[in-house]
Amino acid sequence: MEYFLQQLINGVTLGSIYGLIAIGYTMVYGIIGMINFAHGDVFMVGSFMALIVFLALLALGVTFMPLALLIVLILAMALTSLYGWTVERIAYRPLRGSFRLAPLISAIGMSIFLQNMVQVAQGARVKPLPPVITGGYQFGAADGFVVNVSNVQVIIVVTTIALMVAFSLIVSKTPLGRAQRACEQDRKMAALLGVDVDRTISLTFVMGAALASVAGLMYLLYYGVIDFYIGFVAGVKAFTAAVLGGIGSLPGAMLGGLLIGLIETFWSAYFTVEYKDVAAFSILAIVLIFLPSGLLGRPEVEKV
Amino acid sequence: MTEPLLSIRGVTAYYGAIAALKGVDVDVGEGEIVTLIGANGAGKSTLMMTIFGAPQARDGSIVYDGQDITRTPTHKIAQLKIAQSPEGRRIFPRMSVIENLKMGAAVTGYAHYEADLQRMFDIFPRLKERANQRGGTLSGGEQQMLAIARALMSRPRLLMLDEPSLGLAPLIAKQIFAVIAELNRTEGLTVFLVEQNAYHALKLAHRGYVMVNGQITLSGAGRELLEREEVRAAYLEGGR
């Protein structure tokens, strides 16, 4: 039981990170119908931004962790948003109205570019962050097995929940969110009602990148090391999560992320760690056979 | 007539290589109801969208309130107090009736949102009953009312309506025409109306234009046009 609880906690933590990245995939897909293959690498850039700001703060002698974390969070979000905005501006917007595959190819190019850029600028070796947040809580020591909840895990889950609530509110309640949904449902009509479609799409990329950078920071805190290649696997997993939950659906991305995190963790814990990815992708395949539009996605209906 | 509110001169528009508008001249004066009638595929809806810059006119000019908007981006035009209830109604299907109306009010910065919402519910009581229902679940007539109400939420000076009677029961169509006439009379709202239902449209309008194959072939006072033999032939036989 304690073992199960421990894995549950680990799975939720991992799932939070996937969920945050998955939101970026799903929002961009919702609004322009394209898979932003560079999104995983924006996440990677986000983790590097977080690392750089963190090291700078430590060098400056900021050791009060809540403050340092807050500064890192805000700066990493801001800087990575700039990347998300730029990627859309130079690699996707010029191709809008072109054939469907063009932005997809351009996205793969962007992905490779970002990886190589970071590799050249930061080096190919793994970059460590000294363990800045330590400690945690322990439960259920009675029969010998201790359930550990580290402070990092608490921070990850709480931040994720807070951000997901905030972003859900933005999308469902604010004029910006309404404009985003309007663009998603009928871009031409949105323009007829005075919505600046290009700006709305840009802001969607900015929001996705901001969340990815938070995921990057979480990843950095959780694993302690990053390199220029982490965006690929994390990106594929988060994309899987978005598809599993139903691409285009915001709650779907969160649910999908959580599920992929849990499946991976439980499979590693109870079966073989080598096949954890097989397990995650198999579940995806099985779900898609029975629910082709994902768990919470809406079926493609012909427009009338 | 003094300077018209909307003045379209020699406008051409293309879909690829196909000319949809071949040099169109139309004037809409402040406070007028002007109708454009014509058969399917004559280019009426294209003209409506071209006024909004989607697609942009290739040649000619469109001047609104003294300002050349021929090359203005669509969303900027929408901020000039022109509103359109477009062809096919284009209700946001996965937004509630209220949210659809909020989208209409966005250009005003929601300045008079509560009052305007109340006003729409007075004009179209059906929308109040459906307030929290998704747009896509409304009937055709309700969607038409919503499309017009959404356009009115932006407090336009010029209201453009593309086939507001299409697919509606005659009684509801009549109701909608009555609302348009009422808004024009009491508030001086300028209306540019595209219709296939030429009889009703010409009876309602001060002036009318007839479009055939992307060109204006006739124009004149509404009732006068209604008397003309060519007009009767054009809309009864579907033009040439």
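Cβ from N, Cα, C; glycine included.
Noted in TrEMBL for the protein shown:
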- A:12-35: transmembrane segment (TRANSMEM)
- A:42-61: transmembrane segment (TRANSMEM)
- A:67-87: transmembrane segment (TRANSMEM)
- A:99-118: transmembrane segment (TRANSMEM)
- A:152-171: transmembrane segment (TRANSMEM)
- A:201-222: transmembrane segment (TRANSMEM)
- A:228-247: transmembrane segment (TRANSMEM)
- A:254-273: transmembrane segment (TRANSMEM)
- A:279-297: transmembrane segment (TRANSMEM)
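Contacts between the transmembrane segment (A:152-171) and the transmembrane segment (A:12-35): present, as 3 or more C-beta pairs lie under 8 angstroms, all at sequence separation of six or more. At the 8 Å Cβ threshold, with sequence separation of at least 6, the transmembrane segment (A:279-297) lacks contact with the transmembrane segment (A:42-61), having fewer than 3 such pairs.
Outside the transmembrane segment (A:12-35) by six or more residues, the chain places 42-43, 84, 92, 96, 100, 103-104, 107, 153, 156-157, 160-161, 163-164, 167, 180, 183-184, 200-201, 204-205, 207-209, 211-212, 214-215, 218-219, 222, 234-235, 237-239, 241-242, 245, 247-250, 252-262, 264-265 with a CB less than 8 A from a CB of the stretch.
Among residues of the same chain six or more beyond the transmembrane segment (A:254-273), those with a C-beta under 8 A of the stretch's C-beta atoms are 3, 7-8, 10-23, 164, 237-238, 240-246, 279-280, 283-284, 294-296.
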